[in-house]
2 protein chains.
Amino acid sequence: MRVLGIDPGLTRCGLGVVEGMVGRPLTLIDVNVVRTSAQLPVAQRLVTIEKGIDAWLDEHQPDAVAVERVFARSDVSTVMGTAQASGIALVCAARRGLPVALHTPSEVKAAVSGNGRADKAQVGAMVARILRLDAPPKPADAADALALAITHIWRGGAQARIDAALAAAGRRTS
Amino acid sequence: MRVLGIDPGLTRCGLGVVEGMVGRPLTLIDVNVVRTSAQLPVAQRLVTIEKGIDAWLDEHQPDAVAVERVFARSDVSTVMGTAQASGIALVCAARRGLPVALHTPSEVKAAVSGNGRADKAQVGAMVARILRLDAPPKPADAADALALAITHIWRGGAQARIDAALAAAGRRTS
């Protein structure tokens, strides 16, 4: 399974593609950050982000897209731009009919590090370890996008096992 | 000048097209609300909104688009969806190269009613009067979209006059 993780942001939008499945080593396919200038109008910045995501969907043909869930309680000065960028990410995936999942920052931190309150450095270090990289991906937005993709593969796998177990239990009791 | 006003929202996204210029009676061209079900995933709801806006841009060929500016201090339960929908509205306009402007709710209320704290009923009544309608457009999202378009035409006109006056003053003093 190939997953595109997107860490939405207006100034830096992280994109990371990871391939693999639960219980097997995961592989980094590509990672990048779409940057837009704060000097430009928001509408134009969002178009740049849309083009960047569309280009990556074309190039990497992921099976699913994982986007960070944005909360209103986040930093107020940037949260509106982050929410707008996340809307673009969701639309880019959904209009191609790709499955889209939202994962919270805590879920991602817990998935890659075992600690829902891990800091940026810990997440970067774990992403590097999981993907067998020489160093944590930079900037943090790139590492976060990869962490989202890893989380999606691992949670998807766990969810599939839970569903299978429930289905098997259902068959036994019925 | 023909302006598409967009009152962004995930459940109801208001669209209103107004034609005219400052100092002349304005004309209602069309008004509508794109609705999406809260039962559906956000990504799918945003795609429906994108299709609705794109269809209106195709049909009405506006010269400019006016979108309500969303603030983080708004109702927290809906503000993320509103911000995401506004991002879609901005991208739909900007990728066609249309001029996009953001107007705050206070600016819109002040423009149509003379009172930046006017309530929904006042805004609806003034929109009906300005566009010579028999009754306020329903729901409020429809009236708000038209109020945005009216504001854009009137502010644009005022700005153009200010720019012209400054340019003339510049010529006289230089």
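In case you wondered, yes, glycine gets a Cβ from its N, Cα and C as well.
Contacts of A:D141 (Mg(2+) 1 binding site) defined by a Cβ separation under 8 A and a same-chain sequence distance of 6+ are given as A:D7, A:G9, A:R12, A:C13, A:G14, A:V33, in order along the sequence. In this structure, A:D141 (Mg(2+) 1 binding site) is part of a helix by DSSP. Annotated Mg(2+) 1 binding site per TrEMBL: A:D7, A:D141, in sequence order.
Cβ neighbour count for A:D7 (Mg(2+) 1 binding site) (all protein chains, 10 Å cutoff from its Cβ): 28. According to TrEMBL, the active site annotation covers A:D7 (among others).
According to TrEMBL, the feature Mg(2+) 2 binding site maps to A:E68. When Cβ atoms from all protein chains are considered, those within 10 Å of A:E68 (Mg(2+) 2 binding site) total 26, not counting its own.
Annotated active site per TrEMBL: A:E68 (among others), in sequence order.
Look at TrEMBL and you will find A:D141 (among others) tagged as active site.
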